[in-house]
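See structure below.
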Amino acid sequence: MIYAAEEVRARFARRGLSFDPTVEEIVRGILEAVREEGDEALDRFSRDLDGYPVEEVPKRAWREAYEDLDEDLRDALETARERIEAFYREEARGGFLRAEGGGVLAQLVRPLERVGVYVPGGSAPLLSTLLMTVVPAKVAGVREVIVASPPKVHPGVLAAAWVAGADRLFAMGGAQAIAALAYGTGRVPRVDKIVGPGNRYVVAAKRLVYGTVGIDGLAGPTETMIIADGSASPRLLAADLLAQAEHGPDSEPWLLSPDRALLERVEAELSWQLQDLPRAEVARQALEKGGLVLTKDLEEAFALANLYAPEHLSLALSDPLPWLEKVQNAGGVFLGEGSPEALGDYIAGPSHVMPTSGTARFQGGLAVRDFLKVIPVVGLSEGAARELAKKGALLARAEGLEGHARSLDLRR
């Protein structure tokens, strides 16, 4: 269906994360039980919900899974890891130390000690998710990266753990896995931060443990938005929309263009390509969540995109680079038809863990900085302290904090 811009504007403006109180109540009970009972509760929930007790998978099993992979797939995993590493090594992460009046001001940058990575289970093994989360953490210098994935862990996930350089891997899933990582049990160490996507129970658990540990964000269904002009290929546009639509029925694929003829050709192409797509029914449901939008011009298309704040924004334009300055809100941007979002899912370089549900308005994609913390250091000389103490005391008294002011008065 082709929408007018005004038909979707209000919908785009209302976007945000929503949470099911029934799910949160269930998850809260799981978290409390694991926090209080440790491994006993962890195993109980794992048996009841996944059919297996929790176990740590030894590294020899990872190596064997890697060696059993098809040679071409091994090569693809290695290439993906190399590109992810290279991309994130470019990210600035150094602190500074500046001399000032006989003293110093400094900023220390330190990696987190221990990070938990959640890799969902299900019918499709998410090898790429493991690479896209573990590799940036290791580039940042995280000492120990612990992977959690539901039992039985797919051999492809084990192989990816070997390639990515993870440190430990537990066969555990769901809210109970998040609880174990957040609180620690006899077998599972407590981590400093939990990253990675999951179902609504995992997302609810991450939300509830935030504050006990850090989290990367709260992921909703995947979404893609393409802005296209008349130079774009309807065949490629339809394929790119379906690539995201097949993720799940709640995915949102959108195409924005001022060219009605292009939108009509894409609509016809979608019908044609759906005929032999294995996940056609899922994709059809997702296409109903998104749609094709006719805009007045490209300026209006970019205004709508910034309002929507998509996880993925593709610019299928004859000359996309000059339009990059118009992008304010997006998890990741893909320039031109030669840079499809599907490449970003696997091997382009940046992590595919990106903000959804409009949270790209205030949050970026997973990166090295998510595994670092900044510690400011103040070391002033007596002279500098004396010079600043009077003004500092004035500010303290303006806030009604006399104890602060007296502490500073003693330095004058």
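Just so it is clear, glycine is given a Cβ too, placed from its N, Cα and C backbone atoms.
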Candidate from Asp192, Asp297, Asp319, Asp345 that Swiss-Prot assigns to the same Zn(2+) site as Gln244, His247, His404: Asp345
Swiss-Prot substrate site partner of Gln244, His247, His312, Asp345, Glu399, His404, selected from Thr185, Thr212, Thr222: Thr222
Rounded distance in angstrom between the Cα atoms of Gln244 (substrate binding site) and Glu311 (active site, proton acceptor): 11
Most crowded position, judged by CB atoms within 10 A, among His247, His312, His404 as binding-site residues: His312
Span of the substrate site, taken as the largest CA to CA distance across Thr222, Gln244, His247, His312, Asp345, Glu399, His404 (Å, rounded to a whole number): 56
Whole-number Å value of the largest CA-CA distance among Tyr118, Gln176, Asn199, listed as NAD(+)-binding: 13
Neighbours of Tyr118, Gln176, Asn199 excl. site residues, C-beta within 8 Å of centre, NAD(+): Pro120, Ala148, Pro150, Gly173, Gly174, Ala175, Ala177, Ile178, Gly198, Tyr201, Val202, Ala205
